[in-house]
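Colleague: Here it is, the structure in full.
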Amino acid sequence: MTLHLSNHQASTRVVFSFDVGNGPLEVHVESTVPLNDNRWHRIRAERNIKEASLQLDNLPVAAQEAPADGHVHLQLNSQLFIGGTASRQMGFRGCIRSLQLNGITLDLEERAKITPGVRPGCPGHCSSYGSLCRNQGRCVERARGFHCDCSLSAYTGVFCHTELSASFKSRTSVRYTFKEPYELTRNSSALPSSIYSDTTLRGENVSLNFRTAQSPALLLYVSSYYREYMAVLINKHNKLEVRYKLEGNRDAEVLRSSSTKNLANGQLHSITIRRLTHTVSVQVDQNAKEDFNLTSDGEFNAIKSLVLGRVHEPDDLDPHLARLASLGFIGCLSVVQFNSINPLKAALLHPDTSPIIITGPLVQSSCGSAASVNPYAAENKHHITDQSGSVGSGQPLVNAIRTDSALIGGVIAVVIFVILTGLAITGRYLYQRKDTCRNQEGNGVKQEDSPDFPFSNQTDSQNLSTENQKEYFI
């Protein structure tokens with residue numbers, strides 16, 4: 001019994017052949033496309049006392065009746081060969097997975113580890129469908145499929161395609177503390193260079209979406225143990241500013257975007273910032289990237305924490321930035337990413353983890369969606385409140401929801417009443433008009449029993465029926 005891919009017509013045929021004692025029989029399936037296209041294909045071959053069948057992917061099943069004078073059971077006494085036999089010069093080059101024989105899944109991976117010329121593992125589904133994992137999601141193979149690992153993505157969902165957004169109030173603060181080096185807790189007198197050597201950055205990749213009407217407003221703030229910082233803000237002119245202070249004894253360097261767009265107009269905007277030592281590129285929405293050069297040494301030493309929203313410890317800030325940080329942020333933040341850190345995602349999905357400290361109300365919503373007209377329409381989905389600085393889970397605003405529901409119900413009732421009243425008045429008018437027409441017909445000349453337009457009603461009915469059967473595609 002063999003199952004092989006035929007060389008007939010550019011590898012488009014799969015052949016299932018067997019011999020039950022009265023000569024070889026074959027069942028084959030022809031594909032409309034070549035099967036050596038580096039994509040996964042599924043084959044199912046079955047033989048019973050009545051017939052032999054073969055199916056390729058979703059093509060129709062091909063069947064061959066079993067010979068009447070053949071053996072019911074195959075008498076096999078050789079080894080099972082997969083991918084080729086010892087006597088054949090040409091073997092199979094490719095990947096085979098999920099092989100089942102009589103309902104038992106064979107462990108091909110273990111055999112591949114001890115078989116010369118065969119390697120365990122295949123490109124798998126990710127080679128064909130890995131592009132479905134979006135926004136830096138990583139495709140991971142599974143026995144019967146794949147899944148998207150979104151741990152390094154600011155998005156979530158099956159394909160890492162769902163944005164995570166949150167509405168911020170003026171008191172809201174999300175603080176992500178970077179991991180403290182081991183030497184800091186073991187030896188407090190160690191040299192600073194040895195304590196913070198693994199937290200020094202020579203570049204950053206920062207991206208976030210936001211929606212606000214506040215100006216000025218601080219969007220993101222990253223501080224260090226050496227009084228260095230990075231700040232992303234909207235200035236009083238509704239423009240983007242990025243401030244770097246990478247040397248504690250120098251003033252901050254201010255990078256101002258030349259984009260003329262108003263960033264405090266309540267619309268959704270995106271920001272991407274990339275720094276490599278002295279060079280910084282800034283992009284707002286789909287505008288062209290702007291390049292800047294820093295005059296500092298280009299090292300962000302000993303990063304300490306990242307803050308979204310209000311900064312509760314503004315002592316290390318410049319006076320102007322400290323006043324701005326104390327105001328907090330009112331609006332929406334979405335898919336915030338700092339290098340491989342996703343602080344907003346961690347705050348919304350894992351608020352009790354140690355790097356995260358949430359202060360004030362943090363409301364998960366759909367405000368980061370481009371289709372969202374009201375950025376605060378979905379605030380009742382997930383509500384986290386903490387007045388004292390600890391993380392906890394609160395309840396939705398039930399009273400507000402009930403009030404809104406009652407108001408909407410009252411409006412709907414009034415609309416229904418007006419519609420019913422209008423229908424009643426219209427019906428009464430038509431009924432009176434019909435009686436008037438009947439009285440006039442009784443006084444006039446008697447008409448024939450047949451209607452004036454014998455085909456009009458039928459035609460109108462057909463037209464109406466045709467109209468009802470039409471489909472409209474928008």
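Here the Cβ of each residue, glycine as well, is placed from N, Cα and C on the backbone.
Nobody curates TrEMBL annotations by hand; they come from automatic prediction.
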Colleague: Cys122 pairs with which of Cys95, Cys148, Cys150 in a disulfide, per TrEMBL?
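Modeller: According to the record, the bonded cysteine is Cys95.
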Colleague: What residues in the same chain, six or more past the boundaries of the domain 'EGF-like' (123-161), come closer than 8 Å to it by Cβ-Cβ distance?
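Modeller: That would be 38-40, 95, 97-98, 207, 335-337, 340, 342, 344-345, 349.
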Colleague: For the domain 'EGF-like' (123-161), what are the DSSP-based totals of helix, strand and coil residues?
Modeller: 7 helix, 11 strand, 21 coil
Colleague: Between 0 and 100, where does the mean pLDDT of the domain 'Laminin G' (1-122) sit?
Modeller: 78
Colleague: In terms of DSSP three-state secondary structure, what is the assignment for Cys122 (disulfide bond)?
Modeller: coil
